[in-house]
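Asker: Handing you this structure, nothing more for now.
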Amino acid sequence: MDNPEEDSLNLYEDEEIIEVIELNDTEQTAEDLAEELEDVDFSEAGNAGNAGNADDDGWEAEDEMESEQDDSELTFSKHTGSVFCVSLDPVSNSLAVTGGEDDRAFVWSVSDGDVLFECTGHKDSVTCAAFSCDSKLVVSADMSGLIKVWKVENKEEIWSFEVGDLEWLEWHPCAPVLLAGTADGNVWMWKIPSGECKTFQGPSCQATSGKILPDGKRAIVGYEDGSLRLWDLKQGNAVYVIKGHDGHQGALTSIACNKEGTLALTGSVDGQAKLFNTSTGKVLCSFSNENSEAKDSMQEQDSNSVESVGFCNVLPLVAVAYLDGTLAIYDMNSQSLRHRCKHEVGVVHLQWEEASAVIYTCNLAGVVTLWDARSGVMMSEYRGHSAEILDFVLNRDASVAVTAGGDHQAKVFCLQRPDR
């Protein structure tokens, strides 16, 4: 079998192969960051799940209540509008990049909040920002389609390009290559910093979501019409198309794949999540949030939109988060519902721990919640935002979460678990 990393990097014929960048073990690790924060007193944060009880007696002053509710270790307040996106550098987990409604993006230190540099020059809300696989580059992109790549070491812009209205953006998992989907249905791929480009033309509707598979050679792209295509990144052709009865009946909102890249899970505004084999394109099953209460109104149907999906790495489980506040845990073997975990408000995003069956969610009430997927029991909550959380990311060992909020703030939470 061919080496998947070598094949995936040879994206253009008649040119040199990009070397896969090896991570520098000497740089600061996620464990180092966790050790720095161990001295913090979490006696109050450990009871975050009961923090709401302060409202019951009504005696605390408003400012005291707010301070008691803030379980975060650090608040980043440089943005002057909603913070839409956040990403951690994958090598050391010591730097974050955030983008916001204020047309600004910042690269800053997770340990102290100091700004390393600002990604300047955007003319619309920055909705995508992320580090490359080796943490040497960072991309910032706004809604209008202006994409900028910066070299972290010298804080300089090294490449920019402008496309149509941007829907999503993702780095290749092992090379300095960017993939982006736009409102006209096109998917763009660039080699950075040369800017060599390929385009993948979809249907004449928005390319609403995308995911590069772990082999680095293929990408799944979902569209507004409910269809999805698996693209061969080297050849530039669609290997297969899933649409009609097998596809979704509404725009795709999220895509995830298992760590081997053999299975993919898609979510849509139609309230369905679909599991399929990435090699054959065969849909294996569909999951839906079928509550006992009838959904009579169109508004109730819309609230059933799937917002986020994900695979557990250690058990045959998948998670699906819905806008109505449901986090559903499904068993892939039996294709049945294991647990339905309820939030008071809509769930925005979910993420599994890398090496356990613990799942994290953020929601429209500004709360990060930890769930045990084996039992369906809520483990703890972390509060601090005064508006919805729009995005969040975990560090490598899930000891830290960094959130992006509608209250113009990003926050760093130290996640304490009894088994750590």
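Cβ atoms are placed via backbone N, Cα and C, with glycine included.
Keep in mind that what you see is a predicted model, and the values were worked out from it rather than measured.
Annotation source TrEMBL lists compositional bias 'Acidic residues' at 27-42, 54-73. Positions annotated as region 'Disordered' by TrEMBL: 27-73. According to TrEMBL, the feature compositional bias 'Low complexity' maps to 44-53. Here TrEMBL flags 76-118, 119-160, 214-241, 245-286 as repeat 'WD'.
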Asker: Going along the chain, which residues at least six beyond the ends of the repeat 'WD' (245-286) come within the CB cut-off of under 8 Å?
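Answerer: Non-local partners: 206, 208-211, 213-215, 218, 220, 222-228, 230, 239, 301-302, 304-311, 313, 318, 320, 322, 330, 332, 335.
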Asker: Reported in the order helix, strand, coil, what are the DSSP residue counts of the repeat 'WD' (76-118)?
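Answerer: Grouping H, G, I as helix and E, B as strand yields 0 helix, 22 strand, 21 coil.
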Asker: Run through the repeat 'WD' (214-241) and tell me, per DSSP, how many residues are helix, strand and coil.
Answerer: 0 helix, 15 strand, 13 coil
Asker: Averaged over the whole of the repeat 'WD' (214-241), what is the pLDDT?
Answerer: 97
Asker: Of the residues in the repeat 'WD' (245-286), how many are helix, strand and coil by DSSP?
Answerer: 0 helix, 22 strand, 20 coil
Asker: Count the residues of the repeat 'WD' (119-160) that DSSP assigns to helix (H, G, I), to strand (E, B) and to coil, and report the three numbers in that order.
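Answerer: Helix (H, G, I), strand (E, B), coil: 0 helix, 24 strand, 18 coil.
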